[in-house]
Ligand code: ATP
């Protein structure tokens, strides 16, 4: 996902370029708004965390880009490409180092396992929307 801060800042193109350059294939992609309720569902694993309210408010504050990406070793390689959750700790050349402003508003999301990638892909896309 490209989060609302990066969409607002006009960085969709820059981020997609980095994703392409890193060798990911885009299987499905859409530009949309999610409601507060949908953000709460998407991030329900974080429901008990102190930042849950802030996170779900932020994720429903403006348009996002959701995509399914494919590559060998995609989960690990994408997490490497996006960098640490806190951009202050992200390595040079990562998406978050370049485009994220804070630990909360950190430009992108990546699934943390193949299993969660499948769940999150199904959250946003139907079978008809995959190429
Ligand atoms: P993501 O799941 O979005 O790829 P992540 O796996 O790097 O991020 P998590 O620890 O799973 O990080 O947290 C999920 C999201 O919650 C973060 O990307 C960030 O937007 C938000 N978040 C995490 N920690 C904080 C915090 N301390 N304060 C505010 N928001 C936070």
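Each residue, glycine too, has its Cβ placed from N, Cα and C.
The ATP site recorded in TrEMBL includes 3, 51, 79, 85, 96, and the single candidate from 11, 14, 106 that the record places there is 106. Checking the recorded positions 3, 51, 79, 85, 109 against ligand 1, the ones whose Cβ sits under 6 Å from it are 51, 85, 109.
Cβ neighbour count within 10 Å across all protein chains ranks 106 highest among the binding-site residues 85, 106. Straight-line distance linking the Cα atoms of residue 96 (ATP binding site) and residue 109 (active site, pros-phosphohistidine intermediate), rounded to a whole number, equals 10 Å.
Taking DSSP states H, G and I as helix and E and B as strand, the domain 'Nucleoside diphosphate kinase-like' (1-129) has 64 helix, 17 strand, 48 coil. Per-residue pLDDT, averaged across the domain 'Nucleoside diphosphate kinase-like' (1-129), gives 98.
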